[in-house]
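For reference, the structure is listed below as structure tokens.
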């Protein structure tokens with residue numbers, strides 16, 4: 001019988017990341033875990049709908065037995081069974097992030113007995129979670145280099161607070177892992193600006209694009225008008241394609257915040273990324289930790305190791321026999337498997 005791993009949900013960033021990573025790793029390794037103080041420091045502590053959906057999705061895919069799977073719970077016991085490939089559908093029932101639920105369960109399906117398809121309904125454009133286009137255009141090409149083949153499709157947008165979006169991913173079992181080396185991003189090839197609108201006047205998008213174009217040389221400027229019933233909502237994105245990596249940054253528009261201010265937030269974030277020679281942006285960095293650990297080798301550079309990144313590394317090291325090394329050189333942090 002495998003030992004029970006005890007986790008403190010208040011450690012590190014103290015949010016849902018610890019729980020999501022633990023669920024993924026428990027499903028993969030077969031190790032049960034107990035987590036306490038789930039999101040204890042948040043305004044609404046304990047499990048929200050998004051986290052509860054991730055727990056139930058993980059339990060269904062690996063036939064786990066679970067204690068504490070209810071809204072507001074700050075303690076959870078998860079005992080996994082065998083991971084089964086297949087077709088799955090999960091509904092969050094709010095504007096909670098579809099992609100965060102997907103990212104919880106997909107790693108386990110890399111080791112399933114056959115191909116799988118997972119569809120999640122909920123929020124797709126959430127200020128605190130990656131949109132589907134980030135997964136599709138940034139993360140999945142890098143996963144493919146590691147030997148992980150999955151394809152994410154955005155079927156319907158769902159903005160906060162209404163939700164109603166749908167995202168699906170098809171995934172195949174991994175045959176073998178490769179080593180990812182991302183020391184330098186290389187020269188910029190092109191930059192693309194994109195605005196999504198649903199039930200919002202077109203002039204908002206035009207002003208946002210104009211703000212981006214005032215700071216960067218954009219090779220593409222795209223405005224996409226979505227059906228009104230998918231909103232109201234607005235997201236501004238800027239994609240930076242370099243020789244070795246494509247990064248994508250986004251900001252979700254807010255009521256009573258001008259188009260110029262929304263776009264200026266994005267400009268600031270992209271400039272911060274470009275000011276450093278590091279290959280990987282802050283959010284992508286913590287998404288690479290688990291696949292790199294499973295491969296047993298690899299490295300990337302990031303400007304600043306975020307609390308999310310350090311928390312993710314700490315959880316991975318509890319479940320897998322790997323150790324990460326972080327070395328700062330000339331203002332850039334090199335993250336590697338030791």
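The backbone N, Cα and C atoms fix where each Cβ goes, glycine too.
For reference, Swiss-Prot has these:
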type     : residues                     : note
ACT_SITE : 308                          : active site, tele-AMP-histidine intermediate
BINDING  : 103, 283, 284, 285, 286, 287 : ATP binding site
Legend entry - Cβ contacts of residue 308 (active site, tele-AMP-histidine intermediate) (under 8 Å, same chain, 6 or more positions away): 12, 13, 17, 282, 283, 286
Legend entry - Cβ-Cβ neighbours of residue 287 (ATP binding site) (radius 10 Å): 22
Legend entry - Cβ-centroid neighbours of ATP site 103, 283, 284, 285, 286, 287, 8 Å, sequence order: 130, 139, 282, 288, 289, 308, 309
Legend entry - Intrachain C-beta neighbours of residue 285 (ATP binding site), sequence separation six or more, cut-off 8 angstroms: 300, 302, 305, 306, 309, 335
